[in-house]
Structure formats: structure tokens, C-alpha cells
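J.: Annotations for this protein, taken from TrEMBL, read as follows:
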TRANSMEM  20-46  transmembrane segment
TRANSMEM  52-70  transmembrane segment
TRANSMEM  82-105  transmembrane segment
TRANSMEM  117-137  transmembrane segment
TRANSMEM  149-167  transmembrane segment
TRANSMEM  187-210  transmembrane segment
TRANSMEM  222-242  transmembrane segment
TRANSMEM  257-276  transmembrane segment
TRANSMEM  283-302  transmembrane segment
TRANSMEM  314-338  transmembrane segment
DOMAIN    383-434  domain 'STAS'
């Protein structure tokens with residue numbers, strides 16, 4: 001505003017009859033415009049973005065205010081700036097009472113005297129003591145003014161200050177509108193930006209100043225309305241007087257008290273004029289400013305040094321010192337830039353890789369043969385897994401390339417064949433990360449390995465598909481478990497897959513369904529690895545008479561009630577052993593609503609693990625269908641978070657030769673078996689098992705041995721899966 005007033009004065013050649021009314025209108029218009037901007041910021045809750053400002057910046061801002069208050073206090077008491085004249089004995093004598101006043105005020109707070117009693121007593125004693133000494137020495141107001149002890153103003157000016165005298169002499173017909181618009185509008189944009197930043201920082205600092213939650217948006221709305229009202233009355237607007245609030249905090253008063261006190265004093269001065277201020281010595285004003293400034297420095301410069309890091313300490317000191325040299329907004333902007341650089345450096349040091357592992361240490365949930373397991377133990381290191389975390393940007397995404405290049409040139413592992421990059425913990429990424437993904441595609445072509453991006457959210461997948469990649473890059477929405485299964489299947493030699501995933505030539509699902517229980521049981525024992533011995537084979541062969549054939553359609557679930565007592569033997573197809581996560585089945589999570597439906601017999605449909613139907617042979621048989629489980633979101637109007645969504649977690653994938661044993665009593669009902677393809681299974685009912693124990697005890701013992709072997713295998717697999725999942729979560 002000072003520059004705008006200077007421009008008006010120069011353009012009107014110093015003609016006060018035109019300069020004064022034009023300047024008054026300029027101040028009023030500026031107050032109204034700024035008030036509207038502040039009100040809109042508070043109305044749309046834009047001010048809250050300042051809550052993300054780093055604490056060192058807030059502390060430096062408040063300590064800078066303290067330094068500015070101390071500077072103003074020195075200037076108030078001595079009327080001299082920090083020049084050579086300031087260090088004369090005459091000026092130091094004027095400054096000494098102000099220093100003593102501030103020292104006594106701080107000493108009372110140090111000894112924890114009641115501020116509401118000690119501070120008014122100090123003010124009264126200082127004023128009465130000064131007037132008493134002046135009376136005893138016979139010094140008049142004029143002599144005190146010439147000596148610098150009180151304000152020395154022109155008597156004519158003092159006489160014109162009360163009431164409406166300055167306003168009735170102004171002729172608003174002399175307002176130069178062309179000068180107002182031509183000279184001032186160029187400053188208006190800068191003024192709006194600077195004012196918005198200044199008061200955003202100030203309102204955000206209120207919570208730190210008073211130690212409780214104060215809504216900056218509400219304060220901005222109040223400031224906006226106050227500025228509009230001030231502008232309509234032809235006055236200059238403003239905002240929170242943090243210095244006065246600091247004084248009231250020392251009195252342990254409410255934060256609204258400064259506004260009431262200031263309003264009362266302004267009304268008194270308006271009625272009586274500024275003559276009243278000449279009865280108060282300047283060292284009281286200066287000492288008051290020194291005391292408040294020292295309090296700000298102690299609270300926001302000295303105290304934070306006990307817990308801030310070195311770079312944060314330097315930021316606070318830099319903002320405080322630059323506050324006096326270059327200004328408030330410039331110092332705050334400098335502090336924000338330093339904090340941003342430090343934040344980027346620290347995030348880069350942490351990196352975007354949550355965990356890295358190999359296929360030898362982390363496996364998919366597929367139930368594999370001992371030969372396949374042994375092969376993966378020795379050659380699984382050819383699979384390299386990177387689990388990413390957080391937002392990927394220019395400061396972290398380069399870590400992905402660095403890890404991949406390090407793995408490619410490593411001599412401690414076999415040749416790299418597959419890289420799995422898990423995006424399950426990644427919300428989004430920037431253009432630099434996308435560029436690094438392109439570089440990883442080039443790296444894959446150069447060293448001949450495949451890259452699988454898995455756990456992709458729809459928006460991330462869309463962004464990745466819009467860019468060109470080589471044929472060695474694959475995008476999967478499914479999780480890392482499915483990606484591991486794909487890589488393991490590609491890595492394991494064909495000769496170790498003695499059980500084909502697709503029907504044998506000339507054998508379709510229809511033919512499997514037409515087989516007798518004996519034929520299916522023979523196929524099962526040929527695929528199973530636990531009973532290769534001839535004696536064991538002969539003992540288990542009579543079991544076929546007690547079995548019944550069950551067809552489980554793709555996507556269906558085995559009835560939980562049957563799993564409690566019956567035993568199932570998989571002859572054809574694949575199933576997933578899954579469980580619901582805590583996020584997908586907890587109905588008490590705010591903002592999440594579930595809708596689910598299933599058949600009357602408990603068979604749910606719609607499950608998929610990301611693979612196509614492995615055994616689709618074009619059957620025309622009708623398959624019962626039900627609505628799949630759906631999740632919908634009910635986000636509150638001012639929600640600050642997005643609910644998590646987690647799909648069913650696959651614990652194990654089983655196929656031909658596998659046994660589904662009866663559930664143990666008290667087992668969690670959330671554990672379920674879903675068919676990922678059309679399956680043909682043999683079921684041994686509990687009643688049939690009792691009959692078998694009576695009629696063929698040797699066969700019953702062989703069946704129990706088979707079940708015990710499967711239990712032991714399941715326990716070993718579960719133990720290994722727990723250790724693998726723990727390593728992914730906590731390392």
C-alpha cells in the first residue's frame with residue numbers, strides 16, 4: 001500500500017487536495033477486495049493447506065515476529081535505529097528503563113508470579129514512578145518530549161486528532177479515478193497473493209501460539225468480513241495482531257480479549273485524541289514490546305533447539321534472521337524451500353522400495369511337488385521381487401532402476417529372468433517415475449528378462465498402458481502372489497509338470513464327469529505323490545466304493561457345512577484356499593458398505609484369481625449364478641481419508657492329487673475353498689468313513705495315514721507362508 005500511495009502522490013504532483021482523497025479511496029478499495037479474497041478462502045477451506053507447513057517454518061515465523069518486536073521496542077524507547085548514534089550515552093540512558101521493565105516482567109514470569117496481578121502492578125508502578133520523578137524534578141511535558149522520554153508531537157496536529165475533524169476536511173469530489181486505476185491495479189494482484197500468504201501463515205500460527213486447535217478457515221472468514229466492513233467505512237483493514245495476542249497470553253486471557261481491548265483504546269483515542277499517549281513514557285511501550293519479543297524468542301527459537309535436528313535448527317535461525325533483513329514473506333518462502341529440499345532428500349534416503357526378495361525366499365501359494373519345490377529352492381533367485389511403497393516421484397523412483405541394475409550385474413545369483421514390481425502400496429506416481437518405467441523396459445530388452453507390474457490400481461494401469469513398452473513388460477491387476485505363480489510356472493521345466501494343467505488329448509471335462517469312482521480314484525492316485533508304494537496303493541484302492549463324484553463349477557465355493565465333516569480328493573481342476581481380509585469383511589468400518597448374496601446351499605459365485613478358465617470346453621450346461629460380493633463406498637462430505645479395499649487373500653492353490661481334509665473344530669469360517677476352474681472331486685462322507693472303519697479297517701488306516709501326511713505337508717507350507725508374508729510386511 002505504501003508503494004501505491006507513493007505512486008499516487010507522484011502522479012498528482014503532491015497536490016494534497018487530490019492525493020489525500022484518492023489515497024483514502026485506494027485504501028478502502030484494497031481493504032474490500034482483500035476482505036472478499038479472505039472470506040472466499042475461508043469459505044472454501046483453502047486456508048487449511050497451510051496446516052501442512054513444516055514446524056521449523058512456523059517456529060521461525062513466530063521467532064521472527066519476536067525479533068521484530070524487540071527491534072521495534074528498542075526503536076520505540078530510544079527513537080534511534082541501529083546506527084552510530086544509537087551507541088551514544090544519551091540514547092542508552094533512554095533504553096535502560098525499557099530493558100529494566102522487560103527484565104522485571106520476564107523475572108516475574110520466571111518465578112511464576114500471577115501474571116494477572118504482577119504485570120498490571122509493574123505497569124502502574126512504572127507510570128506512577130515516572131510521573132513522580134518528573135514532578136519532583138519539575139520537568140514539563142515539553143521538556144520530556146525534547147529529551148525523548150515521551151512522544152513529541154506538534155500541538156496543532158494533536159489538537160486536530162479527536163473525533164471527525166480529519167474526515168470533514170476531505171473533499172471526495174477530488175478523487176482521481178484514472179490515477180487510481182492506472183497506478184494501483186498493477187499492484188493489486190501482488191497485494192492479493194502476498195496478503196493471502198501472510199494471513200494464511202498468521203492464522204495457522206494461532207494453534208501453535210495458544211496450544212489448542214483453532215480453525216484457520218473460520219479465522220479467515222472473520223478477517224474477510226472485518227476487512228470488508230473496514231473498507232466500506234473508509235478505513236484500512238487488517239488481521240490478527242499476534243503481538244497483542246502474545247501479551248494477552250501472558251495474562252492467561254482469552255484470545256478475543258486483544259480485539260476488545262484494542263477496540264476500547266481506539267475509541268478512547270478517537271474521542272480524546274492522541275494527547276493521552278503523551279502522559280505515558282515511551283520506555284513502557286518499548287519495554288512491553290521487548291518483553292513480548294523475548295517471550296517469542298524463548299518459546300520458538302530457544303526451546304525448539306532441544307528437539308529439532310541440525311538442519312531444522314538452521315532453518316529456524318535463517319528465517320528469524322532473514323525476517324528482519326528481507327521481510328516476513330520472503331523469509332517464510334525461503335524456509336519452505338529449505339524444508340522441501342530436506343524432505344525430498346530424506347524421502348530419497350528412505351526410498352520407494354518397501355522390500356526386495358527373490359523367488360527362492362518368497363513363493364506363491366501354489367501347492368507344488370517336492371521336485372518343483374527343490375528346483376525353485378535352487379533356481380528361484382532368477383525371480384527378483386520389488387515391493388514398492390508410497391508416492392513415486394523424481395526423488396524416489398530412480399531407486400527402482402538402481403536396484404534392477406544392481407541385480408542384473410550381481411554374480412551371487414543366477415541370471416535374472418523375471419522381475420516382479422508390486423504396486424500394491426503405491427497410490428500414484430509422477431512423470432519422472434513413468435520415464436523410469438520406460439527405462440526399465442529398455443533394460444529388460446537389453447538383458448533379456450521379463451518385468452511383471454502387479455497390484456495395479458485402475459488409474460495406475462491406465463497411465464501405464466498409455467505408454468509404449470516392449471513385449472517383455474506385462475501389466476497385472478492381480479497381486480504379487482499371482483505374479484509369482486506365473487513366473488514360477490515359466491521357470492520350472494516342463495518335465496517337472498507331470499500333471500498337466502489342461503485335459504489330456506482326447507479327454508474333456510465331460511469325459512471326466514462320466515468316469516466311474518474307480519477310474520477317478522486311479523487318476524487321483526496317479527497324480528498324488530504320497531502313495532506311490534504298491535502296498536499302499538492296494539490298500540487305498542477299495543476306497544473307491546465309498547466315494548461319490550462331485551462337480552464344482554468354476555467360481556463356486558465348497559459348502560462350508562460339508563467341509564466340517566467330509567474329505568475331498570481333487571481329480572481334475574484347481575481350487576484356491578482363501579480368506580477374507582479384515583478390511584473386506586469388517587462391517588463396522590466408517591465409510592464402507594457391503595452388499596453380498598449367495599445361493600441357498602451356501603455356494604457363492606463370482607470368485608476369480610486373475611486367471612482365465614483353465615478347462616473351458618464349451619459346456620452348455622446351465623450353471624447356477626449369484627451376485628458376486630460387491631463393495632461400495634460411502635465417503636463423508638468432508639472425509640480426509642479413503643477406505644482401504646483388500647481382495648480375498650489366497651493362502652494356497654491346490655490341484656489334481658490334493659486332499660481337502662475336514663476342518664478342525666473351531667476353525668475360522670472365513671477360510672473357504674473356491675474353484676478357479678471346473679473341478680471334478682471325490683467326496684468321502686463322514687458316514688462312509690465310519691462304514692469303512694467297520695468293513696475295511698486296513699483301508700481306513702491307509703486313508704488316515706494319507707490325511708496325516710497331508711496335514712503335515714499343509715503345516716509345513718503354512719509355516720513357510722507365514723514367514724514369507726512376515727518378511728514382506730516387516731522387513
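Easy rule for this one: first residue shown is 1, then count along the chain.
Yeah, the Cβs are placed from backbone N, Cα and C, and that goes for glycine too.
All annotation found in TrEMBL is predicted automatically rather than curated by experts.
In terms of burial and nearby residues, how do these features look in this structure?
T.: Note on the transmembrane segment (222-242): residues 1, 24-25, 27-42, 62, 65, 167, 198-199, 202-203, 205-206, 209, 258, 262 of its chain, located 6 or more positions outside it, place their CB under 8 angstroms from a CB of the stretch.
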J.: Considering only Cβ pairs under 8 Å, which range in 20-46, 52-70, 117-137, 314-338 makes the most contacts with the transmembrane segment (283-302)?
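T.: Comparing 20-46, 52-70, 117-137, 314-338 against the transmembrane segment (283-302), the winner is 52-70.
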J.: What does the DSSP secondary structure composition of the domain 'STAS' (383-434) look like, as residue counts for helix, strand and coil?
T.: 15 helix, 17 strand, 20 coil
J.: By Cβ distance under 8 Å, which residues at least 6 away from the ends of the transmembrane segment (314-338) in the same chain are close to it?
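T.: Beyond its ends, the transmembrane segment (314-338) has Cβ neighbours at 53-54, 56-57, 59-61, 63-68, 71, 194, 197-198, 201, 297, 300-301, 304-305, 308.
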